[in-house]
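Over in TrEMBL, the protein carries these features:
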BINDING   Cys100, Cys103, Cys140, Cys143  Zn(2+) binding site
BINDING   His132  Fe cation binding site
Amino acid sequence: MDNLMDVLKERLKEKGFKLTPQRRATLDVIFGNQGKHLNTEEIYGLVKEKCPEIGLATVYRTLQLLEEMELVSKLNLDDGCSRYEFNNHEDDHQHHHLICQSCGNVIEVEIDLLDQLEQEIENVYQFKIKDHKVKFFGICSECS
Ligand SMILES: [Zn+2]
Ligand SMILES: [Zn+2]
Ligand SMILES: [Zn+2]
């Protein structure tokens, strides 16, 4: 956790920003809720518990800033809101998301499984694949 805050501090400093309690709290919330794909309102609610004076606009700007610094990634799960998750740089290929069309539950698929497809695309199109966003829509085990 301290390491993460050091990285954040360093990146903010490079860009001429300060590590304010609001920025710290926002990253804390996203880091502490990995796998939950919180939307802006949910993040706002949790950050507010630590920084009661914070406004939605500040959380909005902070999320944009953290995204620019590649500490969080923004997800569009086609449910009408922006969701955020902690950007784990250890996997440079994004995990896949399974989205239940009945309850809206989002499940992460940690295994890439696309190696063969990626290889084939790279060969056929002479295109170097660096990342992908894969969403599967269906019905989760609790709803079926
Ligand atoms: Zn991949
Ligand atoms: Zn479901
Ligand atoms: Zn995810």
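Using N, Cα and C of the backbone, Cβ positions are placed for all residues, glycine too.
Remember, predicted model here, so these are calculated numbers, not experimental data.
For the recorded Zn(2+) site, residues Cys100, Cys103, Cys140, Cys143 set the reference point as the centre of their Cβ atoms, and the other residues of that chain within 8 Å of it by Cβ are Gln101, Ser102, Gly104, Asn105, Ile139, Ser141, Glu142, Ser144. Over all protein chains present, the Cβ of Cys143 (Zn(2+) binding site) has 12 other Cβ atoms lying within 10 Å.
For Cys103 (Zn(2+) binding site), other Cβ atoms within 10 Å of its Cβ number 11. The CA atom of Cys100 (Zn(2+) binding site) is located 20 Å away from the CA atom of the residue listed as 'Fe cation binding site'. The local packing around Cys100 (Zn(2+) binding site), expressed as other Cβ atoms within 10 Å of its Cβ over all shown chains, amounts to 18. Between the alpha carbons (Cα) of Cys140 (Zn(2+) binding site) and the residue listed as 'Fe cation binding site' lies a span of roughly 23 Å. With a cut-off of 8 Å between CB atoms and residues at least 6 apart in sequence, the same chain places His93, Gln94, Leu114, Glu118 near His132 (Fe cation binding site), listed in sequence order.
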